[in-house]
Amino acid sequence: MSKILVFGHQNPDTDAIGAAISFAYLQKELGKETEAVALGTPSEETQYALDYFNIEAPRVVTEAASETNQVMLVDHNEFQQSISDIAEVNILAVVDHHRIANFETADPLYYRAEPVGCTSTIIYKMFKENNVTIPAQIAGMMVSAIISDTLLFKSPTCTQEDIDAAHALADIAEINLEGYGLDLLKAGTNLSDKSAEVLLDLDAKSFPMNGKTVRVAQVNTVDLAEVLDRQAELEAAMAAENAANNYDLFVLIITNILDSDSELLAIGAEQAKIEAAFNVTLVNNRAFLPGVVSRKKQVVPQLTEVFN
């Protein structure tokens, strides 16, 4: 049997990388030959966690079929968010907390999706169900993923299960949850030295919506003005992305992690859908979205509804 590659989505966030590391470890403990890999380099936030817990970043891969015919997916299922040759390999398992879309397999598989705030919360439960001890380093990456995905429990996606798992994992990792959590989130807000193109690609996903393609990117900051001062540069980069990739709409969500509010910037032919989705009026391609922090729960469903 060939080695099984375990990976999260393109433009990986802390959960995509942390869940790959923890799920690969769990599967190895259960007797499978696995390797955690990534579909991109770690963000500064993720690298902070990797460095803190002294874990080497997973190997970056762009395709799988040349080295294996077996993969396991974490933190995603939609093919357009996955590895380039996903249709050429056998998907053995999926562990995810997102909607199911653009996904099919030729063979039966293990599929576990739960409406929680973070994939690592589900994997924590799987460790317990299988009576596998979680090493401190692995626990550190898992709690980092939960902190990241739930914005330290401020996101509407956060559930009591996420909170309970985070506290248990923090104890194993021997960290102060609040103090470490704030440091982790702030590590991901250093945006000033990044080009517009890099900013737009830090955490971006494409979504097919009734024959249209919508790209939704999100960046976290502690200073909205710092990002919005670069609006013209960002708009030019968004327009270029639309032209290069045939996106019908590019949406950038700029989230203030301290206030739990976001500013939306939208460019594209389907821009009018924004006003209907969020009951706002775009002014200079922008709208303020109070209380919006979650792409998964507060942006994508609303856009999907108006496109349908």
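Using N, Cα and C of the backbone, Cβ positions are placed for all residues, glycine too.
Not measured: the values here are computed from a predicted model.
Taken from Swiss-Prot, the feature Mn(2+) 1 binding site applies to His9, Asp13, Asp75, supported by sequence analysis. Summarising the annotation, Swiss-Prot assigns Mn(2+) 2 binding site to Asp15, Asp75, His97, Asp149.
Distribution of Swiss-Prot features across the structure.
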| residue | record | DSSP class |
| --- | --- | --- |
| His9 | Mn(2+) 1 binding site | coil |
| Asp15 | Mn(2+) 2 binding site | helix |
| Asp75 | Mn(2+) 1 binding site | coil |
| His97 | Mn(2+) 2 binding site | coil |
| Asp149 | Mn(2+) 2 binding site | helix |
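For the pair formed by His97 (Mn(2+) 2 binding site) and Asp13 (Mn(2+) 1 binding site), distance between Cα atoms is given as 14 Å, rounded to the nearest Å. Reported as a whole number, the C-alpha separation between Asp149 (Mn(2+) 2 binding site) and His9 (Mn(2+) 1 binding site) equals 14 Å. Around the Cβ of His9 (Mn(2+) 1 binding site), 26 further Cβ atoms fall within 10 Å across all displayed protein chains. The two recorded residues, Asp75 (Mn(2+) 1 binding site) and Asp15 (Mn(2+) 2 binding site), have Cα atoms 7 Å apart. A 10 Å cutoff on Cβ-Cβ distances gives Asp149 (Mn(2+) 2 binding site) a total of 27 other Cβ atoms nearby, all chains included. In this view, His97 (Mn(2+) 2 binding site) is surrounded by 25 other Cβ atoms within 10 Å of its Cβ, with every protein chain counted. Neighbour density at the Cβ, taken as the number of other Cβ atoms within 10 Å, is lowest among the binding-site residues Asp13, Asp15 for Asp13. Same-chain residues with CB within 8 A of the center of the Asp15, Asp75, His97, Asp149 CB atoms, the Mn(2+) 2 site residues themselves not counted, are Gly8, Asp13, Ala16, Ala19, Val74, Asp96, His98, Gly117, Cys118, Thr119, Ser120, Ala145.
Separating the Cα atoms of His9 (Mn(2+) 1 binding site) and Asp15 (Mn(2+) 2 binding site) is a whole-number distance of 10 Å. The 10 Å shell around the Cβ of Asp75 (Mn(2+) 1 binding site) contains 30 further Cβ atoms across the protein chains shown.
Same-chain residues that are not part of His9, Asp13, Asp75 yet have a Cβ within 8 Å of the Cβ center of the Mn(2+) 1 site turn out to be Gly8, Asn11, Pro12, Asp15, Ala16, Ile17, Ala19, Val74, His76, Gln81, Thr119.
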